[in-house]
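Here is what TrEMBL says about this protein:
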TRANSMEM  20-42  transmembrane segment
DOMAIN    33-282  domain 'G-protein coupled receptors family 1 profile'
TRANSMEM  54-77  transmembrane segment
TRANSMEM  83-111  transmembrane segment
TRANSMEM  132-156  transmembrane segment
TRANSMEM  186-204  transmembrane segment
TRANSMEM  225-244  transmembrane segment
TRANSMEM  264-284  transmembrane segment
Amino acid sequence: MNSQQHFFSILFFFKELIPVIIVQVFISMFLCINCLLITTFFMKDIFYTTMRYILFAIALLSDSLFLLITNVLLILSYFSFTIQVWLCVIIYIVLSVYTFVTPVTLTAMTLERYVAICIPLRHAELCRTQRALHFILIIHGLSSVPCIVILSIFFASAIPSFYTQSRICAVEMFIFHRWQGHLRSAISQLFFLIMSITIVFSYVQIMKVAKAASGENKKSTWKGLSTVVLHGFQLLLCLIQLWCPFIEAAVLQIDFMLFINVRYFNYITFILAPRCLSPLIYGLRDEMFVNALKYYALCGLYKKHSTACSFIRF
């Protein structure tokens, strides 16, 4: 009887482990794709000297770091591992900043397409490579605002001994009062509003140009318009993620197992999925990038067939 109970307990453990294993498979696959895309970006000078590809690389690096950290936290929370609060603060700073870096970068990419299509004569001036560092600093500066606000209140409220306590690392530990949660929600919604207005404005303006364009320009403009639509969908998924903690907090009051299922669904739909759309939108839809990707992937795997690589031109 004891051996039978032991068998069923092991079976139950592996059954509970299946969702985590599925997440690991997806994350490993997406990280491999992102690494290949990032390597391709650095292998050809036209990519790291063109603003839209630079922004694409920022999004890829941000997504990769975000996936790594959230995956570690998922494993720690699943197995109820605790860490000291001071270490969780450091993790939270990085995670909080890069939660917003991707949507802010997507907005910047949309504005870059707007400038390229609607005011092409100023595109070379506004989006020149020399300004790349400025754009990177602005993106990270804007993305740091929510983190600075939340942590400033946390540091003012927490007692020194709190930092040496061991807890499961979660964002809820930084919120001592209900109004802090409301403030966090208000900041997220403000970001959502500004980014949504930017996306809609860019879409409308590019739509006007698309209707007036003709021939090859029309094809290029409509492609830019479809890119903006995909950015809008990706941005929507990213920003819904900002509302997930409040949905999960409400569900937790109802049923714990429902809370676990909802959190798992949110993680797959609103954290993993948006981060996997970047390779599709730029890495696989951009002809030049796809050709470069095929070239370096094939030549890297089959070095002996160097003659085959010489036939690939882009």
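Quick reminder: no glycine exception, Cβ is built from N, Cα and C everywhere.
Because the structure is a prediction, the values reported are computed rather than measured.
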Query raised in the report: Hey, which bits of the same chain come close to the transmembrane segment (83-111), Cβ under 8 Å, at least six residues off its ends?
Result: 52, 55-56, 58-59, 62-63, 65-66, 69-70, 73, 76, 135, 139-140, 142-147, 150-151, 154, 158, 162-167, 169, 171, 173-174, 191, 195, 198-199, 202, 228, 231-232, 234-235, 238-239, 241-242, 274-275, 278
Requested in this report: Compute the average pLDDT of the predicted model within the domain 'G-protein coupled receptors family 1 profile' (33-282).
Outcome: 80
